[in-house]
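Per Swiss-Prot, the feature active site, proton acceptor maps to Asp307. Sequence annotations record features per position, and here Swiss-Prot assigns active site, nucleophile to Arg309. Taken from Swiss-Prot, the feature GTP binding site applies to Arg229, Ile230, His231, Ser232, Glu233, Gln250, Glu273, Gly274, Arg275, Thr295, Thr330, Lys335, supported by similarity to another entry. Annotation source Swiss-Prot lists Zn(2+) binding site at Cys234, Cys245, Cys247. The region 'DHBP synthase-like' annotation in Swiss-Prot covers 1-180. Per Swiss-Prot, the feature region 'GTP cyclohydrolase II' maps to 181-378.
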Amino acid sequence: MEEVSSHVKSGKPVMILDSEKSAICIPAEVVSGEILNFMMKNCDEIRLALTWKQILNLGLNRFRFQNGNLIPIDPNLEKISAEERAKFIRELVSGNAGDIKYPGRIFVEETKEMGVLERPGIAEACVDLARMAGFAPSAVYAPLMTAEGGVAGEDYALKFAKEHSMPVFRIKDMIEFRIKSEKIVERVIEATLPTKFYGTFRAVGYKTPLGEIVALVKGRVDEGDVLVRIHSECLTGDVFHSLRCDCGDQLENALKMIDREGKGVAIYMRGHEGRGIGLINKLMAYKLQEEGKDTVDANIELGFPPDMRSYGIAAQILMDLKVKSIRLLTNNPLKIEELKKYGFKIVREPIEVEPCEVNLPYLKAKKDKMGHLICFND
């Protein structure tokens, strides 16, 4: 990572790899028109990776997200050269947004504050690299394409990087580097927790950037395959038994399955309310759903991506508990994909609940628009 950091410090781009994807990236503070031209010639759309805090501070959330978590903007000029775009990006990340045209050809992407330790994505790794090199936490990157216009795989990317003298790093390299030098969860206390319906657990309390989080642990979890549920906080579903979602039923089923197994972990993720938008915003989304929006479009209408959750903190808690091989209770493929990047061996265990008339549109939207693995009986 030191070689990669040194390269970007000198204002030169590097290559990042993530399984079957690759991208060229550079800290936003040193992007130039020449680099943008190079990206436009060899890559797909240009992305500007910013934290959610930066997006709010710059007022960019007033524009609608497109394609999930992207906001397309440009400088408000008649004709826009690559150098003018580069200058616009540099001024934007320094806090001087100026006049903004929407939509545009620079795609702002929301990244997590704690980088790859919170979400192991290309955008987060690029921002982490910028931080590591001493720049502001923002980066410009673009997915590499083949000469034929297809997505560049690893072999093509490695050859391309060699031809253009670009150092290469992988997301897992950044994760390993940061885990060795940083710790974002702290185990504070452990106590016995007898429950009314699910037997007795060990309640392990952690301090994290998302707040205080509890992991309910049953049996030896530092060996063999371990049943794991990473459950997103849902006051309305878990406590008030709302029919709008299936969250409460999923939590109950998971705890029952762990109790029957006699071994497992349930992590209750604070800060995940409303897929990360918070309780009041979730209620606002409910109101929009009453007016005809689905659960995904309601979040977008409020100025949020469809899903702001990430699972890096849960991954660090599982590491602290010495869990290595996971049978993950989930219907969310994103959760599986993210946790695998932290080195866990994972097999999915479906968690099925019976839909009702009220939550059926919600579940269908999650399946159709977010790719959740939900089966409906005819």
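Glycine is no exception: its Cβ is also placed from the backbone N, Cα and C atoms.
A map of Swiss-Prot features onto the structure.
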residue: Arg229; record: GTP binding site; contacts (Cβ under 8 Å, 6+ apart): Gln250, Leu251, Ala254, Leu255, Ile258, Gly264, Val265, Ala266, Ile267, Leu328, Leu329, Thr330, Ile351
residue: His231; record: GTP binding site; contacts (Cβ under 8 Å, 6+ apart): Asp238, Cys247, Gln250, Leu251, Ala254, Ala266, Ile267, Tyr268, Met269
residue: Glu233; record: GTP binding site; contacts (Cβ under 8 Å, 6+ apart): Tyr268, Met269, Arg270, Gly271, His272, Glu273
residue: Cys234; record: Zn(2+) binding site; contacts (Cβ under 8 Å, 6+ apart): Cys245, Cys247, Gly248, His272, Glu273
residue: Arg275; record: GTP binding site; contacts (Cβ under 8 Å, 6+ apart): Ser232, Asn299, Pro306, Asp307, Met308, Arg309
Open item on the list: Check the DSSP secondary structure of Asp307 (active site, proton acceptor), expressed as helix, strand or coil.
Closed with: coil
Open item on the list: List the residues in the vicinity of the Zn(2+) site, defined as same-chain residues other than Cys234, Cys245, Cys247 with C-beta within 8 angstroms of the site's C-beta centre.
Closed with: Ser232, Thr236, Gly237, Asp238, Ser242, Arg244, Asp246, Gly248, Gln250
- [ ] Based on DSSP, name the secondary structure state of Cys247 (Zn(2+) binding site): helix, strand or coil.
- [x] helix
Open item on the list: Taking 10 A as the limit, how many CB atoms besides its own sit near the CB of Arg309 (active site, nucleophile)?
Closed with: 24
